[in-house]
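Visitor: One structure coming up, written as structure tokens, with questions to follow.
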Amino acid sequence: MTQTPRQRAEQAQSRASDPAASAWVEASAGSGKTKLLTDRVLRLLLAGVEPGRILCLTFTKAAAAEMSTRLAKALGGWATAEDAALAQTVAGLTGRAPGGDELRAARALFVRVLEQPGGMRISTIHAFAQSLLRAFPLEAGLAPQFAVVEDQEARAMLAREREAVLAGAPDRAALAHLARLVPPDRFAEVLGTLSQSRTRLLRAVDRRQGLPGFEGALARALGLRAGVAGEDAILRAACTLDEAPLLAAARALGRSGNEKTDLRNADAMIAWLTADEAARIARWDAWRGIFLTAKNTVRDSKGLVTKDKRIAADYPAILAAMQAEGERILGVEDARAAARVLAATMALISIGTPVLRRYESAKNRAGMLDYDDLIAGAERLLEDPGSAWVLFKLDGGLDHVLLDEAQDSNPDQWGIVRALTGEFFAGEGARDQGRTIFAVGDVKQSIYGFQGADSEGFSRERAHYAQVVPQAGLDFRPVPLDVSFRSTAPVLALVDAVFADGAARDGVVEPGATLHHYADRAGQAGRVELWPLLQVAEAEAPPAWAAPESPVDGEGAPQRLATLIAARIRHMLDHETLPARVEKGREADQPSGRKMRPGDILVLVRARARGGFVASLVRALKDLRIPVGGVDRMVLAEQVAVQDLLALADVLLLPDDDLSLAALLKSPLVGLAEEELYDLAQPREASLWMALAAHRGAESRLGRVADWITGLLQRADLATPHALFASVLGGPGPLDARAGRARMLARLGPDAADPMDEFLNAALEHERAHPPSLQGFVHRLRGGGAEVKREAEGAGDAVRIMTVHGAKGLQAPIVILPDTTGSPPDRNALRWLEADLPAWAPKQEGFAAPALAGQRQQDRDKEAMEQHRLLYVALTRAEDRLIVCGWQGKRDVPAGCWYRLVEQGFARLEDAADAPFDSPREPFPEDALIRRLDCPQTAPPKAEDPPRAPAAAAALPGW
């Protein structure tokens, strides 16, 4: 008998949720893993397991909250359900009819969980580590009242220690060398990347008794000889050679009739070979150019010597001598590249390690731990032989461990899990009632490698437990979940086609395996579209000396695509429906499905800053009056509106700061014209503020501006930052009666609203945690890189724009993928030559050390595989419809980019066809077509709750 997809899924979920067996579940996207986790916990409770003996570890706080909510809802429903309904629910979970005692026990579970001290243990692994360290602080070597530092404060602390190191006269030679390699605007970023591997990095230095030992080990790993590790020493040694064969070859070459190559090379060779060492070093590049190409390969025989008849007899000897010298020079250049890598690495480490050590000391003095410290401390505590009684206490109260999103765990987190479950399946630990581990994850969705996630760990740990659990006489079940309850058939067909063949399989599908999703939503209308690449030539810039008479159209392809997507969304909202969905109670009124809503649409990008696309899309959506939730994350100090407000703060803190005052005067907060600012600044003899202050009290534009700033100066030391800026944004300006917020929006556009709101929120947050000084607020905002993260579920009925990473775990009826043509980023600041030996090669020419080639390629391959998994995650966020598009700049898009991979997937879909655009297609030509695959609605549509009406604004009191 053929199973339906629903029956297939229910059978697999029943096997996986059996509380008597350990299970390792590989759950494809949309296969109901959260339901499975909830069912597993419910069945454990029904089997009589005490709530306190269950530990569930999730990857995010949202997942922990969702699971807790589902459990509470289920158990609360059981407590009040009728006997027949409860019996049916329990039978559906366990696969057998419950008895009267079981029903009574099921009803009592809600109270049992409520009475459990601390409630059910459902938390992120970081929260669990924190609770563990709080329970055993002395054993962990921590202060009992330690605090956890948030990411923003950690960045601020790191920035403070970096500035302290740079100001404290560090190794000046190392600092100067580093400054030559790193642009000023990336200096802090490069040093900051070291903190991601700080424990590993500091351990690498300490194991070799400091920097000298580290330098020697790195030199050996790079293939450099002792005493000849510096680039200058290598070059001096390279200039000492046996000249005789090359002089003979050069003189013979001089008899050639080929003036273009042979005679020129002969003269250059004789001049170099007869020069002293200093001259040879100075002319090394010319010598190198005779034998090597620009790509650092030995020239072919024609490039070294021609077969001129005048030198026919000497040709073999000339060619052999020159090829040998070419190989020697190639070795010298490789050694020089290795020496450059060594020097660059030592410069970075010499500056970076003091910063990291000061950061660690600052945390210790403040009694603080960051999130990495929590994991490392918990693992160290659990694995320390001297803390065996800690495990004993935990072991005595822990029988079942459940892991969510296990594919995103890093090696340290897996170490915690192994320590927790080590006694489950050994000796007396394997109790009669059975102790279990349950993990659910999906290697196809492992996308956090840049945070240390180990994509291979899920399979490695599965193999480990598949061995130790049966050895303890217990049941272990690997269970695949491949039925999607989320996506329609066209979406799943495209996903399967994209990863059916070619490069896209790497990192997603095991060699020899086939990726296949079963659609539970059979008969539900769905559609996938591939738009042609948008190619728009960039507008030519006007001559630098001629100001344009009218605004220059500077829209590039990303901006034009943003405009087109906004128009497409507007068309969908105005004219299209979702046939697979109807509102409850309105089925008869919606025969073709309900209308689309802004909240149905999710736009996913790989990077927020690429091409200015996200900002352009937000602006285009707001121009068409489409509700948009804004970007899911923003750095406040990078927003133009916030920069204007910070310029005001700088002026209030130091009025003589001419640059900040000029920026303020030109900003929408004041609104002086260019000519007015020039006239004010040009004749002054003192600061710009003194020139402006001379106009105080005057009935003129400058007088009103001076009085306005003077009033703010008088308030700056008395008002809190929030009160100060709220009055600026809420009150009239010196030259415009409109509120400051209105003036900012009029100049900067509607997308400036969110940054201003978040700026005021940041001011309030600062006042809650710190003394409310203006200087402190500005320093924290800039130094900590204040970043605003929005919860996607809080966007309401608005279009969401998110990164694919941020959308993990989310879904939407309509998903649009526009950022599909970029190359994978190279996130690896350090290349680890050995397990604990890092090297740093700046992204410049001359650092291609052979010892790094293998690791560099390995890192690129890993990044490419993670990008393939990221594409899988992006595609599978779509429920009903998926639109894939992209733009092309001056260069061809990479062959392995997302767009090309999806294009290849469409080519494998036999039922895909060309179709015209459904909406305004400009700037595409009239004959432009899209590739489309869709299916009609043949099943009953899903009935959904109607949208909530917006809450009415409360009436303000008369006062």
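Glycine is treated like the rest: Cβ placed from N, Cα and C.
Below are the features I grabbed from TrEMBL:
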| type | residues | note |
| --- | --- | --- |
| BINDING | Ala27, Ser28, Ala29, Gly30, Ser31, Gly32, Lys33, Thr34 | ATP binding site |
| COMPBIAS | 1-16 | compositional bias 'Polar residues' |
| COMPBIAS | 950-959 | compositional bias 'Low complexity' |
| DOMAIN | 6-488 | domain 'UvrD-like helicase ATP-binding' |
| DOMAIN | 511-809 | domain 'UvrD-like helicase C-terminal' |
| REGION | 1-24 | region 'Disordered' |
| REGION | 935-959 | region 'Disordered' |
Visitor: Could you list the residues of the same chain, at least six apart in sequence, whose Cβ is under 8 A from the Cβ of Ser31 (ATP binding site)?
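Guide: For Ser31 (ATP binding site), the qualifying residues are Ala9, Leu481, Asp482, Val483, Ser484, Phe485.
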Visitor: Other than Ala27, Ser28, Ala29, Gly30, Ser31, Gly32, Lys33, Thr34 themselves, what residues in this chain have Cβ atoms within 8 Å of the centroid of the ATP site's Cβ atoms?
Guide: Leu36, Asp442, Leu481, Ser484, Phe485, Arg486
Visitor: Give the three-state DSSP assignment (helix, strand or coil) for Ala29 (ATP binding site).
Guide: coil
Visitor: Residue counts in helix (H, G, I), strand (E, B) and coil for the region 'Disordered' (1-24), per DSSP?
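Guide: Across the region 'Disordered' (1-24), DSSP assigns the residues as follows: 13 helix, 3 strand, 8 coil.
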Visitor: What mean pLDDT score does the domain 'UvrD-like helicase ATP-binding' (6-488) have in the model?
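Guide: When the pLDDT values over the domain 'UvrD-like helicase ATP-binding' (6-488) are averaged, the result is 89.
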Visitor: So what sits near Ala27 (ATP binding site) in its own chain, CB-to-CB under 8 Å and at least six residues off in sequence?
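Guide: Same-chain residues close to Ala27 (ATP binding site) (Cβ under 8 Å, separated by 6 or more) are Lys33, Leu36, Val440, Gly441, Asp442, Pro480, Leu481.
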Visitor: If you draw a 10 Å sphere around the Cβ of Gly30 (ATP binding site), how many other Cβ atoms fall inside it, taking every protein chain shown into account?
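Guide: Step by step: centre on the Cβ of Gly30 (ATP binding site), count other Cβ atoms within 10 Å, giving 23.
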